[in-house]
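Comments concern the structure below.
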Amino acid sequence: MQVKIHPKNTFTIIMVVGFLYLAYLIFFESGDGMPEIDVDLKDVISYAVLAIEMGGHAVMKVNEEKSLNAAAKGLTDEGKEELLTRADLISNHLILDILQRFPRLQIVSEEKASEFSEKEVEPYRSDNYAVWQSVKEILDKIPSRRLQLSDVRVFVDPLDATQEFTEGLTEYVTVMACIVVDAEPIFGAIYRPFYNETVFGLQGFGVVTSDGKKITPVDESKTDKKVVVSRSHAGKVKEVVEKVYGDKMSIEAAGGSGYKTLRLVNGTAELYLHTTAIKKWDTCAGDAILRTMGGAMLDLEGEPLRYSSQDPILNKKGLIGTVRNPYTYFKKFQGIKLL
Ligand SMILES: *[C@@H]1O[C@H](CO)[C@@H](O)[C@H](O)[C@H]1NC(C)=O
Ligand SMILES: *[C@@H]1O[C@H](CO)[C@@H](O)[C@H](O)[C@H]1NC(C)=O
């Protein structure tokens, strides 16, 4: 039987198609004109954690190689620079390699064109499955939560405490990933490759270590009366802290934003102060963990750091970080020129 297209039918077809098209636009299109995709936060977390573990293993391997080659001799400045570049780029390469397998996930990392080919990177790639096994147990406990993919951004730092890394101060070195929804960091993971320790924080779930231990803030009275600060500007902060706390608080210069956050997390420091510019991939994971514990990172104007695509990557306003009552601490420093 032949279908005759009457004008009325034509109209109906146009109406229906038009409606479907509108419905498509309203329900499925996101801002960038691509159809909206629903994801499980748990899956994004799994990719992010696997990625930083792979990156961290590579950082260790590069370091081992170098110390074998440079045994006893010590590294020249050029050697240090080469070591850093190599570790940083290879870690970044392996991290992006994993995250990019998650279709259309937005990744924020230092724009680094990898000088290394797949073949050159291969020796630094750990067995995916073995790494997966080591973190699987803890990831299994994370609850599912549906999110729109276009609202999610992942910040990565393939090698934090770069200066300290070149000096062989590996205790400060971390590899970090952080998940941001809208402007807020809701998940952070800090991996210390040379100590095989990972700390994860997910808002609404809590802070845990890779061996499954739950971390809650150490009682304020048992927290070390210490301010951790960058090794490059400890002197200036010392003066300010003396002004505010007298001799009740000491200063410790330490490398890496990730490391300094971990000191707050285990109560071996009470405050983290930074008085110069800092990139947001250095702070995002730590900020997420502190927020999960009831604290936060504020800039030195007292605003929580924001991580949306409209906010600049470089935070020029410094930061103050704690596991509790960030505004109370901020107020003590109000009116004092810190930046
Ligand atoms: C690192 O820690 C994980 C989790 O605690 C563990 O499964 C793994 O075997 C450790 N790796 C090494 C090399 O010790
Ligand atoms: C606290 O955390 C830092 C950084 O991870 C670590 O070096 C230190 O050993 C920890 N101290 C305690 C008492 O847990």
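Going from the start of the chain as shown, residues are counted 1 onward.
Every residue, even glycine, has its Cβ placed from backbone N, Cα and C.
Residues within less than 8 Å, Cβ to Cβ, of D157 (Mg(2+) binding site) and separated from it by at least 6 positions along the same chain comprise S109, T174, V175, M176, A177, G258, W281, D282, C284, A285. The Mg(2+) binding site feature in TrEMBL is assigned to E110, D157, L159, D160, D282.
Among the features that TrEMBL reports, transmembrane segment is placed at 12-28.
In the three-state DSSP scheme, D157 (Mg(2+) binding site) is classed as strand. Considering only the binding-site residues E110, D160, D282, the Cβ with the fewest other Cβ atoms within 10 Å is that of E110. Same-chain residues at least 6 positions away in sequence with a Cβ under 8 Å from that of L159 (Mg(2+) binding site) are, in sequence order, G55, V59, L84, A87, D88, S91, N92, F165, V173, V175.
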